[in-house]
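Structure first, commentary second.
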Amino acid sequence: MREIISIHIGQAGAQVGNACWELYCLEHGINPDGQMPSDKSVGGGDDAFNTFFSETSSGKHVPRAIYLDLEPTVIDEIRTGTYRQLFHPEQLITGKEDAANNYARGHYTVGKEIVDLCLDRVRKLADQCSGLQGFLVFHSVGGGTGSGFGSLLLERLSVDYGKKSKLDFCVYPSPQVSTAVVEPYNSVLSTHGLLEHTDVAFMLDNEAIYDLCKKSLDIDRPSYANLNRLVAQVISSLTTSLRFDGALNVDINEFQTNLVPYPRIHFMLASYAPVISAEKAFHEQLSVAELTNTVFEPSSMMAKCDPRHGKYMACCLMYRGDVVPKDVTAAVAVIKTKRTIQFVDWCPTGFKCGINYQAPSVVPGGDLAKVQRALCMISNTTAIAEVFSRIDHKFDLMYAKRAFVHWYVGEGMEEGEFSEAREDLAALEKDYEEVGAETVGDDEAEEEM
């Protein structure tokens, strides 16, 4: 088996996690109490969904997941909510005091006390796996727990499980919408850790997803639940081929192989189609070609950045539902002829496609329509550097005056870490610039050597 352990950190991680597990349960026909009427092999069994769920001898399906937060309120909602019987109580770990939007609290003071307990629970889950494939980690980089504790845990996972892939879903601060004044500090410090300790990071930002919900689903005031259900569809599409059988399956390691040209350049942009409400879907059904065009639209991106300003290095297209390889080939051929979609000159093909016959499920009473086919695109583009330069700029404005820095130093952090992290991000922006630059002719390159 190729099992995967999901780790949900902080409020953002936990709430995205709730939406994901709600959707996985629906897709596999697992009830909120963990029973699965359709599953004939009770206790164990080698079904495809066992990558995400372990089975007990009584036929209960338990998510291979851990929730961690430094304060209890968000996870208490799971302990009392609809899915309270789904998770093992030991999988929900909470501290008593929160990280107060402070990276240093999450990483040094408060986080230190709880990290060994968390790693112990991770080890227990890992011991139940016959062939652990990797980790999916969910967190935000703007808060204190997600940024500080998130990077602490990733560092420790690198030590204990060096060879396993770590895929990271991180919610980045939006350009306009901010939830904390010190977001830029936390994000820069956290990204510094993500650069080293994750294999692939998927960037999400609330503002981009708000706009998607508003525009495509006609929700006037989207709530986090609306956003998270959309994110859950993306994450579900990424993991479908791990949980169901399909025509072109995509393994977790294949993401890395196909999307990451250089180890540091591993920040991905995600987009998803069709995002349509039930009323609209009644009148239209999107073809493979239309879906393929839609995911390349800047308005479909899950992070605020315009791919037309950069070049693509690689794209992963995951189709699901009623899709045949012939249609996919035709759709990709059309995309390749478009002038607006530019690839770097050293990566001429750049497409990896996956097809899965499992049609997308939707949460009953949710906003998304039930459709026959859907497409999720993960792309590695130089445009994502926009996200970093935005955060860096805000960081510089505050750090020039050393505003709020005493809160971090007071929690045992050294001021040097700020400049170290900031320099690392400056180098990252430069890396993206170089990757997108035109390759010089061989003769010139040799002269420069």
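Start at 1 and count along the chain as shown; that gives each residue its number.
Cβ coordinates are placed from backbone N, Cα and C, and glycine is handled just like the others.
Keep in mind that what you see is a predicted model, and the values were worked out from it rather than measured.
Binding of GTP is annotated in Swiss-Prot for Glu71, Ser140, Gly144, Thr145, Thr179, Asn206, Asn228; the matching candidate from Gln11, Gln35, Gln285 at the same site is Gln11. Here the Cβ of Thr145 (GTP binding site) has 33 other Cβ atoms within 10 Å, regardless of which shown protein chain they belong to.
Listed in sequence order, Gly10, Leu70, Asp98, Ala99, Ala100, Asn101, Asn102, Tyr103, Arg105, Gly106, Asn186 are the same-chain residues at least 6 apart in sequence whose CB falls under 8 Å from the CB of Gly144 (GTP binding site). Residue density at Glu71 (GTP binding site): 19 other Cβ atoms are found within 10 A of its Cβ, drawing on all protein chains shown. Within the same chain, residues at least 6 positions away in sequence whose Cβ sits under 8 Å from that of Glu254 (active site) are Lys352. In sequence order, Gly142, Gly143, Pro173 make up the list of same-chain residues 6 or more apart from Thr179 (GTP binding site) whose Cβ falls under 8 Å from its Cβ. Cβ environment of Asn228 (GTP binding site): Gln15, Val16, Asn18, Ala19 lie under 8 Å away, each six or more residues apart in the same chain.
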